[in-house]
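Before I ask anything, here is the structure I am working with.
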Amino acid sequence: MIRDERLRSDELRRIDREIRADWSTGAAVEFEEAIAFHDSLPASKRFADVLESADVPLLQPRAGVPRLDDQIDLLESLRTDGGADLLPTTIDSYTRDNEYEKAAEGLEAARETGEDTLNGFPAVNHGVSGCRELIESIDAPIEVRHGTPDARLLAAITFAGGFQSFEGGPISYNIPYTKRHGLAETIENWQFVDRLAGAYTERGVRINREPFGPLTGTLVPPSIAIAIMLIEGLLAATQGVRSITLGYGQVGNVVQDVAALNALQKLGEEYLPDEVVVTTVFHEWMGGFPPDEARASGVIGLGGMTAAIARPDKVITKSPQEFQGVPTREANAAGLRTTRQVIDMAIEQEIDIDGIDEERALIERESRCLMDAVFDRGDGDIVRGTIRAFDDGALDVPFAPSDSAKGAVLPARDDDGRVRIFEWADLEMDGEIKEIHGARLSRRADTEGRDQSFRMVADDVDAISEGKLIGRPEPRGDV
Amino acid sequence: MSQTVVLGVIGSDAHVVGITILEQAFSAAGFDVVNLGVQTSQEEFAEAAVAHDAGAVLVSSLYGHARQDCQGFHDVLESAEIDAVTYIGGNLAVGQDDFERTRETFRELGFDRVFDSETDPEEAIAALRRDLQIRPTETERVTVSS
């Protein structure tokens, strides 16, 4: 069984050779020459340095289109019209599934029809030279954002192509993104990705790594997200990564969101080794959006407000067109500007809200419980512990499509809109914490005059898109 | 006609929340639901439809690649001699599309009904009852009229 050990150099080289043979563009990757390319980049494109030295939250959108010229135009317009500090390149879903042939067909169709037939930038198909043209054209750091369980070739090509930040991890890009890949397999894949980032780091090119905090994006209880962030941070650190950005997705209750971000920062510093620079990223609401741009901007504004209070290092913004798939560049820029306006107005205010410390203490206790469960199951080895904890459901993620998680735990909002756990299944949590959640949820059930049931969960999933936070039943007589 | 509904997310798409809710809703409405989950191939839909003698095949897609993923889907169903009703729903095109155009595209591909991502499960259930000529049960009619 695999362990939390640094991948040996000869193994790194062997796997590197193997995966580069998977697609024709792999042949152009050459490590020494790639280091020289990174060394030639100006300070303004060094992702880790720019992120770690910022004193206010930096803003970053999501964006990816199939054609290279269009991707350059898109990023340039998000930088100038949207005021983005950091830029993304979102990878299409075929590449995420290692279906490079289908991505090639989609790219060909995009070139022929002029339409965006892929939902992102197929970086493997564009290859090292295509990536470098993008990096050279844009005067800002750019991150690879995707959702790929086996991202080894994507990492080899994009690192050599000049990208200095790479999203994802063995749990966060497995459990929410695929049903096919086992956890042991994705951990092994990501040991390679992290080791490769570590190899660049040792040569002075600090590749920033960002585990994907929102997970399934649907009412994920903060402590579950935090525990998975800590695990992926630890795994990356073992492989030599020294710049790690831990993520968290907005649930919409301001107190809980601020408390969760504070807990994430604190536990990140505590659990990760001293030589790692830990930063945090806040994702604006990842669930269903209102089908109305004005209302969607309200959701985005609440995210900006939360960020101004919690002060994460980075905010991933949403666009007011989120409800209908990939936004236009104008809408994407609008989401950035809405967020900026709210943060700039709020960040110099001293805003004290009751209840944040108490909620943070609860989230920390829950997170430690989950981490203890993992360490216990692995006899101190976090890889073995993680595999065993997911296997027996001690660690679980709501709405997980993956066969590697039970997906049996279910969340629901309490009467105050905070995300609690309605169905624990086998999640390992101490009894007192379960009682606290139970009491909060039963207060909501009383308010609404109905039993706790899956109906409540489904109502909560739709609530924000329908203009509310909590999925309350329709008042009687309205039907 | 069979009341078994085969449900899945096609292609490389991993959006699971919608079908989880559809599974619950269709089960609660009295259908037998076979949920194939995310990242389901055309062949897996066809195999399940044959194995369970499905009355309906419901395809979900949220990530924008539906058109490429559904090319030839109805040929695959036909060659397996499946005559089930077929629906598709979700965000079916990349970007901010005109839904009527998208609906037309998927009708031409062979789907009996095409739904956008704002559709309530109840709407799909009502449509399927009409298409499969199933009447609501006594208790459900009482609930609806109360």
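Each Cβ is built from the backbone N, Cα and C atoms, and glycine gets one as well.
What TrEMBL says about a protein is an automatic prediction, not a curated fact.
Here TrEMBL flags A:R62, A:R96, A:R145, A:H146, A:E167, A:Y173, A:Y177 as L-glutamate binding site. The adenosylcob(III)alamin binding site annotation in TrEMBL covers A:G64, A:N119, A:P176, A:F289, A:K318, A:E322.
Where in this structure would I find these features, and how exposed are they?
Annotation note: A:R62 (L-glutamate binding site) sits in a coil segment as assigned by DSSP. Counting every protein chain shown, 22 other Cβ atoms lie within 10 Å of the Cβ of A:R62 (L-glutamate binding site).
When other Cβ atoms within 10 Å of the Cβ of A:N119 (adenosylcob(III)alamin binding site) are tallied across all protein chains shown, the result is 27.
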For A:N119 (adenosylcob(III)alamin binding site) and A:H146 (L-glutamate binding site), what Cα-Cα distance in Å is obtained after rounding to a whole number?
11
Using C-alpha atoms, which one of the binding-site residues A:R62, A:R96, A:R145, A:Y173 comes nearest to A:F289 (adenosylcob(III)alamin binding site)?
A:R62
Please report the DSSP secondary structure of A:N119 (adenosylcob(III)alamin binding site), reduced to three states.
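It is coil.
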Given the binding-site residues A:G64, A:P176, A:K318, A:E322, which lie close to A:R145 (L-glutamate binding site), meaning Cα to Cα within 10 A?
A:G64
By the count of other Cβ atoms within 10 Å, pick out the sparsest of the binding-site residues A:Y173, A:Y177, A:F289.
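The binding-site residues A:Y173, A:Y177, A:F289 were compared, and A:F289 has the fewest Cβ atoms within 10 Å.
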Of A:P176, A:K318, A:E322, which binding-site residues are close to A:R62 (L-glutamate binding site), meaning a Cα within 10 Å of its Cα?
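Of everything listed, what lies within 10 Å of A:R62 (L-glutamate binding site) (Cα to Cα) is A:K318.
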Here are the binding-site residues: A:R96, A:R145, A:H146, A:K318. Which has the lowest count of other Cβ atoms within 10 Å?
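So among A:R96, A:R145, A:H146, A:K318, the binding-site residues given, the one with the fewest Cβ atoms within 10 Å is A:R145.
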